[in-house]
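If you check Swiss-Prot, you get these features:
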type	residues	note
ACT_SITE	GLU204	active site
DISULFID	CYS100-CYS108	disulfide bond
CARBOHYD	ASN33	N-linked glycosylation site
CARBOHYD	ASN114	N-linked glycosylation site
CARBOHYD	ASN237	N-linked glycosylation site
CARBOHYD	THR259	O-linked glycosylation site
CARBOHYD	SER260	O-linked glycosylation site
CARBOHYD	SER262	O-linked glycosylation site
CARBOHYD	THR271	O-linked glycosylation site
CARBOHYD	SER272	O-linked glycosylation site
CARBOHYD	THR273	O-linked glycosylation site
CARBOHYD	THR296	O-linked glycosylation site
CARBOHYD	THR304	O-linked glycosylation site
CARBOHYD	THR314	O-linked glycosylation site
MOD_RES	GLN21	pyrrolidone carboxylic acid
SIGNAL	1-20	signal peptide
Amino acid sequence: MFSKVLPFVGAVAALPHSVRQEPGSGIGYPYDNNTLPYVAPGPTDSRAPCPALNALANHGYIPHDGRAISRETLQNAFLNHMGIANSVIELALTNAFVVCEYVTGSDCGDSLVNLTLLAEPHAFEHDHSFSRKDYKQGVANSNDFIDNRNFDAETFQTSLDVVAGKTHFDYADMNEIRLQRESLSNELDFPGWFTESKPIQNVESGFIFALVSDFNLPDNDENPLVRIDWWKYWFTNESFPYHLGWHPPSPAREIEFVTSASSAVLAASVTSTPSSLPSGAIGPGAEAVPLSFASTMTPFLLATNAPYYAQDPTLGPNDKREAAPAATTSMAVFKNPYLEAIGTQDIKNQQAYVSSKAAAMASAMAANKARNL
């Protein structure tokens, strides 16, 4: 029954799961009692500029609405449902909560207000993403911006084009993908906007190898190869490719694996180098570091687009989102910091709100500094 669903897996019995049919989808997926099916986000759900967080939300491993998510819930979800140890996500979580406090203007404590605020540009979100457009990519005026939060098929295709015709890719391929994305963003962004975020993207490269390298290959731990169909399905659907034979790596990947893969990507020789590369794009990069309010963070409006889900029929029968209901509301449920509903046209009010929050934070920081002198 499932021979067509699992074409790349020789023996399903080798997996630590049985195979189950997802209700109403025609899709089989490895199943244990902790595995939940994909449910498309609705127009009022909050989603991040991050396919990992969005996949966890779409499967209900963190709150499906993408709001009020505790640090412990995030840690458990990555560990239990992605096979990613806490050591890997510690820095990213720290930065997420810093951005949460920055955007909302108050300490978020142990609960991330929502996923959407992570799209604040040049913070947790960054330029030259593998699958998102930059905040000011292709705009005509300095005050214009576009959706930098949702998956963008055209952008992701520029990543896939580098490895066209392959079933797997290695460190050198990933280095070429990385350089391609930097080059295109550098060319297409509004002049003066592009900021190279090499340390963050390096960690993301290692994360991709940690999550979707092909564990069916005998040398996967030492020389991992990313299975492209797994990567494509995960990013495009923001869902886990269970039906393609994927399951969370076991034992869970630790930070040592991710940093080793990241370093190997940067050290790998490439066969071609795109033009328009920013200075320092090639070669070793600096470490990713915790964000701080001491850094020059600037408040920006965030896009109010409805959450993405794949609807492209060319993706074929394995696309779980083809039957998902389309967003019909013209209201953005959030405004920065994503707590109140406003019309999508009400940008002036949103700008005023962001500015008032920034001014209040600046005053509080100045007062605190004066007290400490």
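A Cβ is built for glycine as well, from the same backbone N, Cα and C atoms used for every other residue.
Sequence features, as recorded in Swiss-Prot, placed on the structure.
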{"residue": "CYS108", "record": "disulfide bond", "Cβ contacts under 8 Å, 6 or more apart": "PHE97, CYS100, GLU101"}
{"residue": "GLU204", "record": "active site", "Cβ contacts under 8 Å, 6 or more apart": "PHE130"}
{"residue": "THR259", "record": "O-linked glycosylation site", "Cβ contacts under 8 Å, 6 or more apart": "VAL203, GLY206"}
{"residue": "SER260", "record": "O-linked glycosylation site", "Cβ contacts under 8 Å, 6 or more apart": "GLY206"}
{"residue": "SER262", "record": "O-linked glycosylation site", "Cβ contacts under 8 Å, 6 or more apart": "ASN202, VAL203, SER205, GLY206"}
{"residue": "THR271", "record": "O-linked glycosylation site", "Cβ contacts under 8 Å, 6 or more apart": "ALA172, GLU176"}
{"residue": "SER272", "record": "O-linked glycosylation site", "Cβ contacts under 8 Å, 6 or more apart": "GLU176"}
{"residue": "THR273", "record": "O-linked glycosylation site", "Cβ contacts under 8 Å, 6 or more apart": "LEU179, ILE282"}
For ASN114 (N-linked glycosylation site), the number of other Cβ atoms found within 10 Å of its own Cβ: 25
What's the CA to CA span in angstrom from ASN114 (N-linked glycosylation site) over to THR304 (O-linked glycosylation site)? 13
How would DSSP class THR273 (O-linked glycosylation site) in three states? coil
THR304 (O-linked glycosylation site) and ASN237 (N-linked glycosylation site), distance between Cα atoms, whole Å: 20
